[in-house]
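Following: one structure in structure tokens, then a few remarks.
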Amino acid sequence: MAVLTIRTYPDPALRKRCRPVKAVDAGLAALAADMAETLRAAPGVGLAAPQVGEDIRLIVVDLSVGTDPAQLHVLMNPEVVSAEGEQMEEEGCLSLPGVHERVRRALRVRVRALNPRGEEILLDGQGVLARVLLHEMDHLEGKLILDHLNREKRDVLKKRLKRLSRAAS
């Protein structure tokens with residue numbers, strides 16, 4: 001396993017709509033394992049393939065931040081089957097360093113996806129798990145936290161992030 005480089009805004013890879021996973025193979029399993037390792041090293045609770053430069057519909061979610069292997073979810077081609085309720089909480093993103101903003105999301109979701117064996121599964125998430133699933137699935141559509149904010153706040157954050165990006169280059 002390897003720790004991958006996490007892409008940060010304004011990297012164009014973060015704005016691409018990802019293509020579906022067509023086949024579960026050893027290469028995909030290796031990518032998922034590397035993403036899980038990257039998530040633990042960050043540390044974070046969720047990571048989507050475009051954040052490591054891959055334009056496929058793959059996310060890894062681990063609310064335990066690497067302390068409980070049973071909480072690691074590797075999901076391919078995830079899609080929301082149902083969503084209920086509403087929550088407005090603060091979110092951060094590994095691709096938006098230093099950004100923490102309140103975002104409105106569903107309180108409960110049911111997600112259909114393929115697991116690492118290529119089997120279709122249903123995953124029910126509530127509260128934080130629902131939020132993280134929806135956040136990571138946004139990445140697969142090329143959406144970021146910024147897209148959930150009002151224009152004024154979004155413009156201020158974009159300028160700040162671009163300055164940070166230039167300073168880091």
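Keep in mind that glycine also has a Cβ here, set from the backbone N, Cα and C atoms.
Quick caveat, the model's predicted, so the values are computed rather than measured.
For reference, TrEMBL has these:
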ACT_SITE  GLU136  active site
BINDING   CYS93, HIS135, HIS139  Fe cation binding site
Spatial neighbours, same chain, of HIS139 (Fe cation binding site) - Cβ under 8 Å, 6+ residues apart: LEU14, CYS18, ALA48, ALA49, PRO50, GLN51, ILE59, SER95
Between CYS93 (Fe cation binding site) and GLU136 (active site): CA-CA distance (Å): 9
Three-state secondary structure, GLU136 (active site) (per DSSP): helix
Other CB atoms within 10 A, centred on CYS93 (Fe cation binding site): 27
